[in-house]
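Colleague: Taken from Swiss-Prot, the feature transmembrane segment applies to 8-28, 53-73, 92-112, 117-137, 160-180, 207-227.
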Amino acid sequence: MWWFQQGLSFLPSALVIWTAAAFIFSYITAITLHHVDPVLPYISDTGTVAPEKCLFGAMLNIAAVLCVATIYVRYKQVHALNPEENRIIRLNKAGLVLGLLSCLGLSLVANFQKTTFFAVHVCGAVLTFGMGSLYMFVQTILSYQMQPKIHGKQVFWIRLLLVIWCGVSAFSMLTCSSLLYNGSFGADIVQKLHWNPEDKGYVLHMITTAAEWSMSLSFFGFFLTYIRDFQKISLRVEATLHGLTLYDTAPCPVNNERTWLLSRDV
């Protein structure tokens, strides 16, 4: 049996591979058509102009669904391993909410481009990266709470390093983007897709985009740490019938006679 066939380990694997493919395909399309600069564009800029925005939106919507599934499975796994630990239960529920909000933000970023609906796009980015960072932080705390009884210390340390990586990237992106978009460099900078080294704010722009890509990579790394955990869990859907028919009320008896849809004489 292959490693991705064990339990539900294919979920985080598929999430990372699919999302990375969405970024790569839209990036290649955007630079081939000269819609963005090849050196560190914003991730969402590679999905701003047609046709790549269609690919970007469709693939990230699927990525959001995979992310919801991954976050839910993680929630169920932690709950099953710690059914009576109140502190862990509260943190686990908080992590579920934060993760789902991050998935919602990912879908908003994918479908509302900054050149069309800037406010909605920024709201989606805040949900994706902000709630996503908090989700990683909560899951790292849970990993600390569950070691060494549930898993080894290595998992906690790896996730802690990834959270620190994410935090440094988030701080850099937030600081530089705040300076870049405070109005000092012009109002049209929001719609700007092409940058030259001579442009005002170029350095801040490059730091912001580099931090955004770095933050995304930290997300990928964090979800990859779920692979080993998910090899040890499976979920199943069980159908429970609340009656033997689909009538709202009991049907009237017809003396074992059946009404034909078409007359036999036809």
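In case you wondered, yes, glycine gets a Cβ from its N, Cα and C as well.
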Colleague: Report, as numbers and ranges, which residues of the same chain sit near the transmembrane segment (8-28): CB under 8 Å and 6 or more residues beyond its ends.
Modeller: 36, 41, 43, 46-47, 52-53, 55-56, 59-60, 62-63, 66-67, 69-70, 73, 216, 220, 223-224, 226-228, 230-231, 233-235
Colleague: Excluding the flanking five residues on each side, which residues at least 6 beyond the ends of the transmembrane segment (92-112) place their CB within less than 8 Å of a CB in that stretch?
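Modeller: Tertiary neighbours of the transmembrane segment (92-112) are 44, 47, 56-57, 59-61, 63-64, 67-68, 71-72, 74-75, 78-79, 82, 120-121, 123-132, 134-135, 138-139, 142.
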